[in-house]
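Here the structure is laid out as structure tokens; the discussion comes afterwards.
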């Protein structure tokens, strides 16, 4: 890992003036958790996710491990409301874990509160590093969205939600070229939760040991650098960028700057309907753990966006 301070970077980007140690700290979300130690925060997050998934599989109508592609890791779990029809809103969730941990089998946090209100929830698996490269993960997520549209063509809207690394993958769908997938998904909303949108800083942290990103890979896969040129999928599509009060300053900066580039472009089709939300009193993990509760702020924002 290299020390990035004094490498001749433009000074307006704060991370470029940090020591390697400080940069590492900024991009290690568990170190910013106030209520628990770092290890315990990760363990608790995983445990809540596993319990929520076990409960969802036991109590909700579901189709589990449905392949969206030929790869072994290319599967989704689909959870349905009791009154299921084809004409449902579909909420797709991409888990976090720095593109190198986590799985769909411990990520069904929001299934109970959303299916109870008539939303189908799809938890998406993708090949994490080192098995999957970032380009491959972006391609998999793109195909998973196309798969849901093809399988449920009369859906009442597809809403993408990602957490942390998953928020990055969801944001990349703002740039997807759907023509080569033979379908234009009915994208109506994005919920980008505590995400990373400019990947360049990651190159200089220990997270890159498994990812093996070159600077070129990072730039190619940074929605921050490209979204200003993208066409809105649909002028009514909402993009909500969310960060937790106790996320690190760099995670705050990443979210705020991504939000800032979103509505800047007024295009002939209209502009992104973007909003930014800092959620009070939650850290990088609670922000998603709390989605198990129907009266949680973010759960309510999601439902309101879907049913507005």
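Here the Cβ of each residue, glycine as well, is placed from N, Cα and C on the backbone.
Residues or ranges marked as domain 'Alpha/beta hydrolase fold-3' in TrEMBL: 92-262.
Averaged across the motif 'HGGXW' (95-99), the predicted model reaches a pLDDT of 97. Residues annotated as motif 'HGGXW' in TrEMBL: 95-99.
Among the features that TrEMBL reports, active site, nucleophile is placed at 164. Proximity of residue 164 (active site, nucleophile) to non-local residues of its own chain (separation of 6 or more, Cβ distance below 8 Å) is seen for 29, 96, 97, 98, 193, 194, 195, 196, 284, given in sequence order.
Residues or ranges marked as active site in TrEMBL: 247 (among others). For residue 247 (active site), the Cβ neighbour count at a 10 Å cut-off comes to 27, with all displayed protein chains included.
The active site annotation in TrEMBL covers 284 (among others).
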